[in-house]
Amino acid sequence: MILSLDRQIPLSTLSEINKYIHKVKIGYPLILENIEYLDDIVKLHWDEIIFDLKLADIDNTMVLIVSKFINYADSFIAHSFIGIEGALDKLSEFLKNQNKSLYLVLSMSHKGWNDEFYPYLKNIAKTIDPKGFVVGATRPNMIRIVRNDFRDKIIISPGVGAQGAMIGDAICNGADYEIIGRSIYESKDPVTETKKIIETQEVKINECKRTEN
């Protein structure tokens, strides 16, 4: 599981959550809210810190943006629809030289996203060869398609909980990690809610495994 943080929560609470969730995705709202809070996040023991900047610009602009946060993040998220030449090619090259990773968005979780563009995005993804992809948990069919097309890539899936996708469904359809944010940090007891979500996910995954067998 990946914790999605779009706003600041008490560091003591985050530290407790970090005992159960070892990857975190940082959104623009949190970056704009308190840049100093990022220093506190980095001090915790995360396996991966992902900056969700949804980069979608020319190469020079994107490189300048990620350069500002290169010491905070292990990975960055960019849109794939912007294309390769003069955009993702240079961004990918820069991140690799910095020993950082790239995730490309292939399918978003909101209703307005159009998956008819997927064949175009798939070709871009094959050329750029990123660490992995963002595919909305609300689109299980797309998760299955992307998993079939990219068997060795990591799929991370937002949209669980607040956006309607059920806990565990994305994993059952081929995702590696589900991204959960508001269901945790907007709850009255984020740590307890984290434990409940993990338990629910484990039950769902075990059910899927039994069904497959």
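Heads up, the Cβ atoms here are built off N, Cα and C, so glycines get one too.
Secondary structure from DSSP puts Gly181 (substrate binding site) in coil. The annotation substrate binding site is assigned in Swiss-Prot to Asp6, Lys25, 52-61, Ser109, 158-168, 181-182.
Swiss-Prot lists Lys54 with the feature active site, proton donor, giving sequence analysis as the kind of evidence. Residues near Lys54 (substrate binding site) in space but far in sequence (CB under 8 A, at least 6 apart, same chain), listed by position: Tyr28, Ile77, Ala78, His79, Val105. DSSP gives Lys54 (substrate binding site) a strand state.
For the recorded site, Ala165 (substrate binding site), the DSSP three-state label reads strand. Applying an 8 A CB threshold to same-chain residues 6+ apart, the list for Gly161 (substrate binding site) reads Ile167, Ile180, Gly181, Arg182, Ser183, Ile197. Around the Cβ of Ile58 (substrate binding site), the number of neighbouring Cβ atoms within 10 Å comes to 12.
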